[in-house]
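Annotated in Swiss-Prot:
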type	residues	note
BINDING	Ser186, Ala219, Pro220, Gly221, Gly222, Asp238, Asp258, Asp274	S-adenosyl-L-methionine binding site
ACT_SITE	Lys303	active site, proton acceptor
Amino acid sequence: MSGLIAYCRQGFEPELAAELRDRAVLLGIASDIHAQRNHGFVLLRCDPLHVDTLLQQLHWRRLIFARQTLRLHAELKTLNSRDRIAPILAALPKTPCFGDLWIEYPDSDMGKPLAGLARSFGNALRPVLRSAGRLSAQLHPQWPRLHVCFLSGDHVLLGSTRSVDSAPWQLGIPRLKLLPEAPSRSALKLEEALITLLTPNEREAKLRPGMCATDLGAAPGGWTWVLICQHLRVTSIDNAALRPPLLNHPLVQHVRADGFRWIPPRPMDWMVCDMVEQPRRVAERMAVWLREGWCRHMIFNLKLPMKKRWDETRLCLERFETQAAVPLTLRAKQLYHDREEITVYASNDAR
C-alpha cells in the first residue's frame, strides 16, 4: 500500500479530499482518495513511484486543510487486542531505522477516546522496536519518524515522515496556553498563525520591536494583544471598546472607526484582520491594502460558508492574489484554533 495520510479538522474531510485531488491532478498523478466525514483524516492512495513527489508537493505547510501529511505504509484491520505489536512489526518497511515514534489518533469524536490506548501502547511498542533495531535508542530528528495512528482498538494506520518536513506537533495540533491577561480566546488564533504560517527566521525578521501594525475590527483586542506582546505599536480599529489590559497601553492607539473604510495615514509594517464578514468582501479589501502599499505583511481570516467551502476558498484566494497586483508570498491554513474559517498570511515581496 502506498500513498499519503493527511490529518484535518473533523468535518472538513471533503474539503481536504478536494484539495488533495485538485493538487494531484495538477501534478498529473492519478490518485484514489478515501474520506469519511467527521473521521478527522483523509487517505490518498497512488502508485509507489509518485509518493515522493506528492510528499514534496503536498507538504503540510502548502496545504490549507491538512494539519499533517505522512507517507502511508500500511493499514491494519481486525488486530487482536492481545497482540497488536507483532502485526505492526511485520508490516513495517524493511528500511529505515526510525529516529522517533509517535502514537496518534484522529482529532475526532471517534478518535479522542483512543488517547489512553495510544499512551499505553506507545510504552509497550517503543522497547520492542528498539530491541528489533527499528527505533533508535536516542531521539534522532534527522531520521524518519514512525507514526502509528489508531482508528479504533483493532484498526491502525502506519505512516512515517521526516521530522524536518512535518508539523512539529502530535496530531498536527500546537498546544498553546491562553494567558489570563489575554482579552479573548481569539488571541490563540493569531499566535498559532505566527508559528504555523511563518518560519522562525521570518518571525525574527518580520516581527521586530517598534514596527507598526493595524488591527482591523480589533475589539475586544485579542489580536492587538498578541502584537503588543511582540513589542509592535498597534493602531486598533473598531467602533467597539477594547478590554483591559489594552486600555491606555502605551503601544496601543484605539481608533473608533469602520475597519472596512479606515485608511492608514502612513504605510504600516503589518495589518491583521479577524472581522466577521463575507469572505469575498474581506479578500477584496485585503487586496486593496497590498495594492495601495498600506502595509507590507498581513494575516487575515476568511469565514467560510457551510457549503462548497473548497470552491469558496479557491475563489477568494485567486481573487485576492489577482486584485493585490503585487508579487506575493501567500500561505493559507485552517488552524486548530480556527472554526469555520481559514487564516491567510500574505507578504509583498517587492517591498
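Cβ atoms here come from the backbone N, Cα and C positions, even for glycine.
Feature annotations (Swiss-Prot) mapped to structure.
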residue	record	Cβ contacts under 8 Å, 6 or more apart
Ser186	S-adenosyl-L-methionine binding site	Gly222, Trp223, Asp274
Ala219	S-adenosyl-L-methionine binding site	Ser236, Asp238, Asn239, Ala240, Ala241, Leu242, Arg243
Pro220	S-adenosyl-L-methionine binding site	Pro183, Ser184, Ala240, Ala241, Leu242, Arg243
Gly221	S-adenosyl-L-methionine binding site	Pro183, Ser184, Asp215, Ser236, Leu242, Arg243, Leu246
Asp258	S-adenosyl-L-methionine binding site	Ile237, Asn239
Lys303	active site, proton acceptor	Val276, Glu277, Gln278, Pro279, Val282, Glu340, Glu341
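Residues Ser186, Ala219, Pro220, Gly221, Gly222, Asp238, Asp258, Asp274 are the ones the record ties to S-adenosyl-L-methionine, and the longest Cα gap between any two of them is 20 Å. If you draw a 10 Å sphere around the CB of Asp238 (S-adenosyl-L-methionine binding site), it holds 22 other CB atoms from the protein chains shown.
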